[in-house]
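Here's the structure, in structure tokens; my notes come after.
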Amino acid sequence: MIIGTLITVTSNSWLGAWMGLEINLLSFIPLMSDNNNLVSTEASLKYFLTQALASTVLLFSIILLMLKNNMNSEINESFTSMIMMSALLMKSGAAPFHFWFPNMMDGLTWMNALLLMTWQKIAPLMLISYLNIKNLLLVSVILSVIVGAIGGLNQTSLRKLMAFSSINHLGWMLSALMMNKSIWLTYFSFYFFLSIVLTFMFNLLKLFHLNQLFSSFFNSKILKFTLFMNFLSLGGLPPFLGFLPKWIVIQELTFCNQYAQLMIMMMMTLITLFFYLRICYSAFMLNYYENNWMINFQTNNFLMNLFLILSFFSIFGLFLISL
């Protein structure tokens, strides 16, 4: 899977990039499929079909481009590039080609979900940065932030919530990519780190739904506090580290006078923050029933300490950078 992504990123031809994407796809499917879990098998089939469709469209557009270059045929190059861009947007799960992403996330384990939200996006986004068709990217950015915000409002599944959050963040990443590749890499790095911290914790405590957050493991108030602060950091609330990449993108958009786009993105991010805050408010303020029996989770102390250290950087990172 790593080699597939590296082939795509370092390739100097579109055919080589397509080959890397195929290796990446075929290596991720065995990771997903689990004989004991029919839902994950269904998810891997959905993933294969959508990615195969996107790969077919990508290969088709590559062939059209090669025909245009070699035979001087009357093929509109911008049209071909738009087809190619659409295929890559489908591969990365950006709106309006996001239809497969939330349902598929719901059938994965947390580690696979993390890979899908982060690593699997590197290759398509890098190829999108080579094309950089402003109009189509702008439409995708606006639709991604809207879908990511509205879609997450009525979710009770944590994996679907993370999927819609990922679509929203993807809108911001594409927006950064339109202006400056180094800003996109910065944003992606921060998003990667924050996603690792949250999914690591969800995986450790086997959390999959919102009601589990409220009523399961909170003998430790510190654990509860750090988990929800990480939620807010991922949403981009100012005193936390998650605000820094958004701040950079906002600043760059302001320099480029993209005020309308920035306004829509910020409003939609406020909606995502609203549903994160609603979860945190419920967990902190409302008096959920406490179990009469004590449930001691047999968790590895080393892993728990690692989570707390990573959370410290997630929560206080902006202060440390400012210093």
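Using the three backbone atoms N, Cα and C, a Cβ is placed for every residue, glycine included.
Those TrEMBL annotations? Automatic predictions, nothing curated.
Residues annotated as domain 'NADH:quinone oxidoreductase/Mrp antiporter transmembrane' in TrEMBL: 11-272.
Annotated domain 'NADH dehydrogenase subunit 2 C-terminal' per TrEMBL: 273-323, in sequence order.
What TrEMBL records for 12-33 (among others) is transmembrane segment.
What TrEMBL lists as transmembrane segment is 45-67 (among others).
Packing against the transmembrane segment (79-101) from elsewhere in the chain are residues 14, 21, 46-47, 50-51, 53-55, 57-58, 60-62, 64-65, 68, 120-121, 123-125, 127-128, 131, 133, 136-137, 139-140, 143-144, 146-148, 163, 166-167, 170-171, 174: each is 6 or more residues past its ends and has a CB under 8 Å from a CB in it. Annotation comment: TrEMBL describes 79-101 (among others) as transmembrane segment.
Counting same-chain residues at least six beyond the ends of the transmembrane segment (107-128), those with a Cβ under 8 angstroms from any Cβ of the stretch are 1, 4-5, 8-9, 17, 20-21, 24, 28, 31-32, 34, 37, 39-40, 42-43, 46, 85, 88-89, 91-93, 137, 159, 162-163, 166, 170, 173-174, 177, 184, 188, 191-192, 195-196, 199, 202-203. Among the features that TrEMBL reports, transmembrane segment is placed at 107-128 (among others).
As annotated by TrEMBL, transmembrane segment applies to 135-153 (among others). Long-range neighbours of the transmembrane segment (135-153) within the same chain, counting only residues 6 or more positions beyond its ends whose Cβ lies under 8 Å from a Cβ of the stretch, are 82, 85-86, 89, 94-96, 98, 102, 128, 160-161, 164-172, 174-175, 177-178, 261, 264-265, 268-269, 271-272, 275.
The list of residues near the transmembrane segment (183-205) in space but at least 6 beyond its ends in sequence, with Cβ under 8 angstroms from a Cβ of it, reads 109-111, 113-114, 117-118, 121-122, 125, 129, 158, 162, 166, 169, 172-173, 176-177, 216-217, 227, 230-231, 233-234, 241-242, 244-246, 248-249, 252, 297, 299, 303-304, 306-307, 310-311, 313-314. Summarising the annotation, TrEMBL assigns transmembrane segment to 183-205 (among others).
The annotation transmembrane segment is assigned in TrEMBL to 225-248 (among others).
Outside the transmembrane segment (260-281), and at least 6 residues removed from its termini, the chain residues within Cβ reach (under 8 Å) are 138, 141-142, 145-146, 148-150, 152-153, 155, 161, 164-165, 168, 171-172, 175, 210, 213, 228, 231-232, 234-237, 246, 250, 253-254. The transmembrane segment annotation in TrEMBL covers 260-281 (among others).
Cβ atoms under 8 Å from those of the transmembrane segment (302-321) belong to residues 193-194, 196-197, 200-201, 204, 222-223, 226-227, 229-230, 233, 238-244 of the same chain, restricted to positions at least 6 beyond its ends. What TrEMBL records for 302-321 (among others) is transmembrane segment.
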Positions on the same chain near the transmembrane segment (45-67), where near means CB under 8 A and six or more residues out: 14-15, 18, 21-22, 25, 28-29, 32, 73, 75, 77, 80-81, 83-84, 86-88, 90-91, 97, 100, 103-104, 107
